[in-house]
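Annotated in Swiss-Prot:
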- 24-29, 40-46, 127-130: GTP binding site (BINDING)
- 43-51: motif 'Effector region' (MOTIF)
- T46: (Microbial infection) O-linked (Glc) threonine (CARBOHYD)
- S194: phosphoserine (MOD_RES)
- C203: S-geranylgeranyl cysteine (LIPID)
- C203: cysteine methyl ester (MOD_RES)
Amino acid sequence: MAANKPKGQNSLALHKVIMVGSGGVGKSALTLQFMYDEFVEDYEPTKADSYRKKVVLDGEEVQIDILDTAGQEDYAAIRDNYFRSGEGFLCVFSITEMESFAATADFREQILRVKEDENVPFLLVGNKSDLEDKRQVSVEEAKNRAEQWNVNYVETSAKTRANVDKVFFDLMREIRARKMEDSKEKNGKKKRKSLAKRIRERCCIL
């Protein structure tokens, strides 16, 4: 008798995460720290880099697909295509750079415009928390913005790995919850459709 085949990667739940934020805030450093446990300080910006990894989320083996987008304005026009494919977003700024914090509003607006959904899974991330002495964006200021958007705010350090796993896992939980919600809604619509069809059929018989 043939042994049971191990669960294939294709059958694992896949959660698609998009990294957004200005250039130089540490999006790639966060991604590479999460993927490979490495801190990369100097990273050449590209249009986008994609990464995939198997992880255990609350006891369930899943896959995370991370698309690390470039923050430079040159690439603004092609971001829409990336945003359409995403299921959740980590919007990153540097706590040492007020300008990058201000830019998060533009990224949020662009995401909402493309996704047409105010409740899209989304986390506001203040990176470079190890550089407290150079802080320009207060925790209170960032938390206030997160509250306005009805999202969570987390501070990270790609250098020390502080909260790196947390932001990716928290976002995956949001994505998973959203998928379950959408699935219930879809099933509810199917049931209502089926019930309406049965009622119509009964009326025809009568």
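The backbone N, Cα and C atoms fix where each Cβ goes, and this holds for glycine too.
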Local Cβ density at S129 (GTP binding site) - other Cβ atoms counted within 10 Å: 21
Around the Cβ of K27 (GTP binding site), the count of other Cβ atoms that are within 10 Å: 29
Residues that sit under 8 angstroms from V40 (GTP binding site) by C-beta distance, when 6+ apart in the chain: S28, A29, L32, Q33
Under 8 Å by Cβ from Y43 (GTP binding site), counting only residues of that chain that are 6 or more apart: S28, A29, L32
Segment confidence, the motif 'Effector region' (43-51), expressed as mean pLDDT: 77
Same chain, 6+ residues apart, C-beta under 8 Å of the C-beta of G24 (GTP binding site), given in sequence order: G71, S94, E97, S100
